[in-house]
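Annotation comment: Swiss-Prot describes 22-194 as domain 'EngB-type G'. For 30-37, 57-61, 75-78, 142-145, 175-177, the entry in Swiss-Prot reads GTP binding site, with the evidence type sequence analysis. Here Swiss-Prot flags S37, T59 as Mg(2+) binding site.
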Amino acid sequence: MKVVDTEFVISAVSEKQYPKDDLPEFALAGRSNVGKSSLINTIVNRRKLARTSQQPGKTQTLNFYKVNNELYLVDVPGYGYAKVSKKQRAAFGEMIQDYLETRADLKGLILLVDARHDPTADDINMFNYALYLDIPILVVATKMDKLKKMEASQIKQKIGKSLDLKQENVSFLPFSSVSKLNVDKFWDWIEDKM
């Protein structure tokens with residue numbers, strides 16, 4: 001897919017705020033600071049469309065980005081950040097759960113995991129939850145540029161120990177925002193699910 005136009009549309013916290021134009025949507029989930037905003041900026045070739053931060057927990061709403069007037073990428077709040085209150089964490093969880101369970105336009109979940117670390121308990125829970133909801137999943141191993149060649153060659157096996165990548169509705173993609181590794185394959189997956 002050639003990206004010619006991308007725009008931030010809305011930050012939403014409830015269904016009444018979601019876009020109403022029935023375009024396919026793809027949610028990006030992962031722990032805080034896993035690289036969701038960097039991935040968005042890289043795949044649409046815009047440096048500052050999605051705000052990146054060194055401070056975890058910045059995204060606190062569902063952020064809808066329209067691509068080519070054909071689809072939405074939906075950046076959801078990162079999970080696992082300890083400095084967010086339990087009350088806020090519960091609210092984020094409820095907002096994400098409502099979105100994943102009720103949004104008819106949702107065509108896939110892009111689950112980002114940091115290639116340098118094993119998937120967290122939260123990653124495993126999100127993965128299993130999407131499987132339960134029968135949502136197609138693309139597991140994206142971010143920050144591949146930070147791995148040594150030997151580590152990079154074994155990344156699918158490493159992540160596959162925690163996440164069942166052999167499930168029918170699951171795909172896997174190593175990714176780097178620095179080297180732009182697999183941007184085309186990312187869009188191939190999106191187009192296949194539309």
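Glycine residues also receive a Cβ, built from the backbone N, Cα and C atoms like all the rest.
The shown structure was predicted, so the numbers you read here are calculated from the model rather than taken from an experiment.
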Exercise for the section: Could you say which of the binding-site residues G30, P77 has its Cβ with the most other Cβ atoms inside 10 Å? Expected result: G30
Exercise for the section: Measuring CB to CB from K143 (GTP binding site), give everything in the same chain under 8 Å that is also at least six residues away in sequence. Expected result: G35, D114, A115, R116, S176, S177
Fill in the blank from the handout: In the three-state DSSP scheme, G30 (GTP binding site) belongs to strand
Practice task
Measure the Cβ-based neighbour count of K36 (GTP binding site), defined as the other Cβ atoms within 10 Å of its Cβ.
Solution key: 27
Problem - pLDDT averaged over the residues of the domain 'EngB-type G' (22-194) - result: 88
Handout entry: Pairwise Cα distance for T61 (GTP binding site)/S37 (Mg(2+) binding site) [Å, integer]
Key = 13
Exercise for the section: Rank the binding-site residues N33, T61 by the number of other Cβ atoms within 10 Å of each Cβ, and give the residue at the low end. Expected result: T61
Completion exercise
Students should find that the Cβ of F175 (GTP binding site) has, within 10 Å, a number of other Cβ atoms equal to 26
Handout entry: Number of other Cβ atoms within 10 Å of the Cβ of S37 (Mg(2+) binding site) across all protein chains
Key = 22
